[in-house]
Amino acid sequence: MTSSLLLAFLLLAPTTVATPRAGGQCPACGGPTLELESQRELLLDLAKRSILDKLHLTQRPTLNRPVSRAALRTALQHLHGVPQGALLEDNREQECEIISFAETGLSTINQTRLDFHFSSDRTAGDREVQQASLMFFVQLPSNTTWTLKVRVLVLGPHNTNLTLATQYLLEVDASGWHQLPLGPEAQAACSQGHLTLELVLEGQVAQSSVILGGAAHRPFVAARVRVGGKHQIHRRGIDCQGGSRMCCRQEFFVDFREIGWHDWIIQPEGYAMNFCIGQCPLHIAGMPGIAASFHTAVLNLLKANTAAGTTGGGSCCVPTARRPLSLLYYDRDSNIVKTDIPDMVVEACGCS
């Protein structure tokens, strides 16, 4: 039991701390294991805790303000590169994209106030909004052109009254969705977690609401946020096959529907967590993926033979390469977040 718990912890822990205790056997080297179903439950539980920890969540979000299918479909069309699979691989600074749907307040026929809340779950700390755009749906009488003023309101000192930071003027001549790129004042407000906009019709008296906010036309802000960090590309190691007992990568798939997370995780449907298992003879210690040259293997074998009294037990089968998980999900404010969670997928295993 203890051996299997240590194994599962090792699978999800950073590779830099995989150092076996002196005189002890590595927990991934074929010691006593749990029953297959118990091991599966343990790995699923650890996968859930790992995702929540890396999203800075104490528990899975509860959707108090569900988004309609029509609004979700419209919003996703404006995301750049919605993930089709679970893996991404690049060397860019890590970024995420957030879609925040508006809460409407203090509105009249000719003026609409929109409030947007940006959670700090995933983007806590050094987040910086790089781009932000307002998407809103306008319904106008035919053959008319109206001027729309968009005001960016920010909180004053000590979070007191809202004050005008900047404003934009738009000529709107057709019904439908319209996009307004937002400048640094609005981006700074998004970075701080809250943005308030006022949309005002200039020189016109509307007979009915021009800015629609129903289920299918709910305004939203799409923001691109820089989080920091880089992904590294590593070569693949050896996959477990048949009855092999050597260090290898064992495939393990986490199905979000199976664990009851499909309501708040939009994409993907699951991901390949994988883990490392198998024995590590001393002569292949320190060889990532057991893929070093024959000459290196010979040198390590000679080193092992000259180590008096040394037995196989000081080297562990550990992850040597990981990849991020690309996730599209609802946060606790019902915003849609697209982000890459680093080090979630074990790509290769080797002996420490």
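Residue positions begin at 1 at the first shown residue.
Glycine is no exception: its Cβ is also placed from the backbone N, Cα and C atoms.
Sequence annotations record features per position, and here Swiss-Prot assigns signal peptide to 1-18.
DSSP assigns ASN110 (N-linked glycosylation site) to coil, not to a helix or a strand. According to Swiss-Prot, the N-linked glycosylation site annotation covers ASN110 (among others), on the basis of sequence analysis.
Taking the Cβ of ASN143 (N-linked glycosylation site) as centre and 10 Å as the limit, one finds 6 other Cβ atoms among all the protein chains shown. Look at Swiss-Prot and you will find ASN143 (among others) tagged as N-linked glycosylation site, backed by sequence analysis.
Sequence-distant contacts (6 or more apart, same chain, Cβ under 8 Å) of ASN161 (N-linked glycosylation site) comprise LEU155. Mapped onto three states, the DSSP output places ASN161 (N-linked glycosylation site) in coil. The N-linked glycosylation site annotation in Swiss-Prot covers ASN161 (among others).
All protein chains considered, the CB of CYS248 (disulfide bond) has 21 other CB atoms within 10 Å. The disulfide bond annotation in Swiss-Prot covers CYS240-CYS248 (among others), and the record cites similarity to another entry as its basis.
Summarising the environment of CYS247 (disulfide bond), the number of other Cβ atoms within 10 Å of its Cβ, over all protein chains shown, is 32. CYS247 (disulfide bond) carries neither a helix nor a strand DSSP state and counts as coil. Per Swiss-Prot, disulfide bond is recorded for CYS247-CYS317 (among others).
Positions annotated as disulfide bond by Swiss-Prot: CYS276-CYS349 (among others).
Marked as disulfide bond by Swiss-Prot on the basis of similarity to another entry: CYS280-CYS351 (among others). In three-state terms derived from DSSP, CYS280 (disulfide bond) belongs to neither a helical nor a strand segment and is classed as coil.
DSSP assigns CYS351 (disulfide bond) to a strand segment in the three-state reduction. Taking CYS240 (disulfide bond) as the reference point, the recorded positions whose C-alpha atoms are within 10 Å of its C-alpha, out of ASN143, CYS247, CYS276, are CYS247, CYS276. Ranking the disulfide-bonded residues CYS240, CYS276, CYS280, CYS351 by how many other Cβ atoms lie within 10 angstroms of each Cβ puts CYS240 at the bottom. Within 10 Å of CYS276 (disulfide bond), as judged by C-alpha distances, the recorded positions found are CYS247, CYS248, CYS317; the full candidate list was ASN110, ASN143, CYS247, CYS248, CYS317. Among the recorded positions ASN143, CYS247, CYS248, the residue whose Cα lies closest in space to that of CYS280 (disulfide bond) is CYS247.
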